[in-house]
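Undergrad: One structure is given below, represented as structure tokens, and several questions about it will come after.
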């Protein structure tokens, strides 16, 4: 079963204003440790055959919507605040929901400033890729 | 793969076989499809049972596929008459046909992504599946992109000289796509671009084609040293130069020198000259930045490109000091990609660490790739650490 592990810039249930020290203000060794953790995590999932895809998103971009026939789409952006934005995702193909949760928990423990686990909220969402049932 | 079967040899036959079908009267789109099908069949069967005459095998298989595809009996009879009338290839005609394929696949009316894909398939002899994997798109999407591109160029006259500048731009795009680095399972686009450009050098007498090949070889030579553990980006000054491929460098320099001797300078030769000066320096400190600035001046005179202007500011900073570099940067549009990264570097060298740290962080936010973003984040953290050390 495939699951999307979604990383937001910050926030989560009950923690709308959860703040992290921006990474450029960490010590260089802490930055290295964080990046090594993420890289090791992905290669470990490749070894176990559970890794599907991982992508990071730029903070640039805009909201866009239709604004009537013959008119150009309305855009709202660039974003004033990055806190509600998706930062990136990892897609895993695993045996169970429990395994997806376990993996997201491990990923959330990536080390941050002071080498402490960040403990950020990650959103875990199952893909709708099951076999369609009889709807008659 | 069995020993003795080299897929590169097979791929090199593809443009010639398309040309044979063309001489027999097949239109480009159908000929190219038929050869692609024959190629896939060859990749399946040759490893176990290699033919004695590879090109003859491919021509026969592709022609059969072509006839199957044209279906109608009358069409078939008509085609067979054409076969009988097939003119014997004149000396040099095969080379001309292959060259025309380059121009057709990279036709200026095509979007560059489609031109790149079509070039890789018809000239490079890659399968749709390999091209799709290299560009990380589904195979069906890539097949559709190629088929739409072929429809777009159907009926275009092929008897006039094409646009060489577009061909070179497409090849350079393919190379850079691969240069960014990809997994070992993927088709190596950089190596494919080098191979196809090498073929083109053999077909033309144009120094800029040689210039592009030299540029690719000189960049390719440094590829292994560009990334550290975990895919981290290693900037030129910090690369382990003992890992540079001296054979590729020697070839690149020789190709470049022969091109420059023709005395028709162009942007690829000038870029290759800059790459050659970097390759020639035993250490980063021994880089001949004064000569590099001279080549950037030439390049700027040819292209007037804002990206060149930005890179020139870096070279000026190294040749004449950070102050001169910042003065050169003042003439560059701040919207140019990597502007903040260059500004950060020059301000740090000028001793303004506060500003450098802020600019590195800004540059990380504007980075176009994860390795670049991570590298710039590390730079920001490094400079902030220096600031903390100063304060304590």
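Backbone N, Cα and C atoms are what each Cβ position is placed from, and that goes for glycine too.
According to TrEMBL, the domain 'RNA polymerase sigma-70 region 2' annotation covers B:11-74. Positions annotated as domain 'RNA polymerase sigma factor 70 region 4 type 2' by TrEMBL: B:101-153. As annotated by TrEMBL, domain 'DUF6596' applies to B:164-259.
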Undergrad: On the DSSP side of things, how many residues of the domain 'RNA polymerase sigma-70 region 2' (B:11-74) fall into helix, strand and coil, could you say?
TA: 50 helix, 0 strand, 14 coil
Undergrad: Per DSSP, how many helix, strand and coil residues does the domain 'RNA polymerase sigma factor 70 region 4 type 2' (B:101-153) have?
TA: 39 helix, 0 strand, 14 coil
Undergrad: Of the residues in the domain 'DUF6596' (B:164-259), how many are helix, strand and coil by DSSP?
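TA: Per DSSP, the residues of the domain 'DUF6596' (B:164-259) fall into 71 helix, 2 strand, 23 coil.
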